[in-house]
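Participant: There's a structure below that I have some questions on.
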Amino acid sequence: MVRYSKLAFRQLVRVYDVDVCFTPMIYAKNFIESEKCRSSELSVCEGDSPLIVQFATDDPFVLSEAAEMVYKCSTGVDLNCGCPKHDVRSKGFGSALLSKPELLADMVRQTRARIPDPDFSVSLKIRINHDIEKTVDLCRKAEAAGVTHLTVHGRTPSQRAEPIDIQALRIVKDSVSVPIIANGGITTREEALFLAEQTGVDGIMAANGLLDNPALFAGHEHTPSDCVENFMRLSREYGLDWLLYHQHLQYMLRPVFSAQQRRVFNELNGRLAIDHFLNNLLDI
């Protein structure tokens, strides 16, 4: 998730049965060249594990260099090959890479050569192609290059809210031997279990669903009040920017706000005002 899966939020979802966390997508070249980028984009703590750092690049050397820089503070790197946003695609990153399976295989190969540690994962996050055989070919090339696992979003780059393609996910799972993580449209624990049962995949990733409900995988239908309280505490502890703090809470509390409460909350300015509003709302 671009911007959102910072340290405080990762530590929050770990409380509610998330097994592995990913960082926000980070531009690998900026990360290598800028100390400011590294300090703002990647903060970790002792309990922030397993952690996979997700990068955006189209350069095998840059990916392997960035991977080496995070080797000691993470459990793996992931290359974003699925982001459909125009500003990402225009750089040749994200889903623009799906048409270049040989390049992706080379990026995996060079990164694995730089870090041969089998406990450090090198993975790809992709979207499916309208021609599923092209997706299978990409996955097989990545597998041959040494990819640790693949996260497959069950929509094409041009799709947004359409139902995910369960059959396509099943075909990909049956075509390779590396673990497959399915992604797309998960909003409840029941949906995650159903998708795993229908496709046989090895794991389920949620993104937007966790923004709305960080306790999703623990079986909560909506964000429970203790989750909000935990997020308030963790955000203070890890210094989460108040604007991002505000945005997270807008997602989490959307189902419980009245229209009037939503208008008031959206106009709040600063952490103190936000916390005062929440203390009254939650009777903390």
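Cβ coordinates are placed from backbone N, Cα and C, and glycine is handled just like the others.
Here Swiss-Prot flags Q54, K125, H153, N183, G184, G185, A207, N208 as FMN binding site, drawing on similarity to another entry. Positions annotated as active site, proton donor by Swiss-Prot, on the basis of similarity to another entry: C83.
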Participant: Between N183 (FMN binding site) and C83 (active site, proton donor), how many Å separate their Cα atoms?
Facilitator: 13
Participant: Using the residues the record lists for FMN (Q54, K125, H153, N183, G184, G185, A207, N208), what whole-number Å value is the largest Cα to Cα distance?
Facilitator: 20
Participant: Would you find the one among the recorded positions C83, A207 whose Cβ has the most company, meaning other Cβ atoms within 10 Å?
Facilitator: C83
Participant: Looking at the binding-site residues G184, G185, which sits with the largest number of other Cβ atoms within 10 Å of its Cβ?
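Facilitator: Result for the most crowded candidate: G184.
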Participant: Rank the binding-site residues Q54, N183, N208 by how many other Cβ atoms lie within 10 Å of each Cβ and give me the one with the fewest.
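Facilitator: Comparing Cβ neighbours within 10 Å for the binding-site residues Q54, N183, N208, N208 has the fewest.
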Participant: Could you round the CA separation between K125 (FMN binding site) and the residue listed as 'active site, proton donor' to a whole angstrom and send it over?
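Facilitator: One finds 9 Å between the Cα atoms of these residues.
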Participant: According to DSSP, which of helix, strand or coil covers C83 (active site, proton donor)?
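Facilitator: Coil, per DSSP.
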Participant: Could you tally the C-beta atoms, other than its own, that fall within 10 angstroms of the C-beta of K125 (FMN binding site)?
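Facilitator: Around K125 (FMN binding site), other Cβ atoms within 10 Å: 24.
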Participant: H153 (FMN binding site) has how many other Cβ neighbours within 10 Å of its own Cβ?
Facilitator: 26
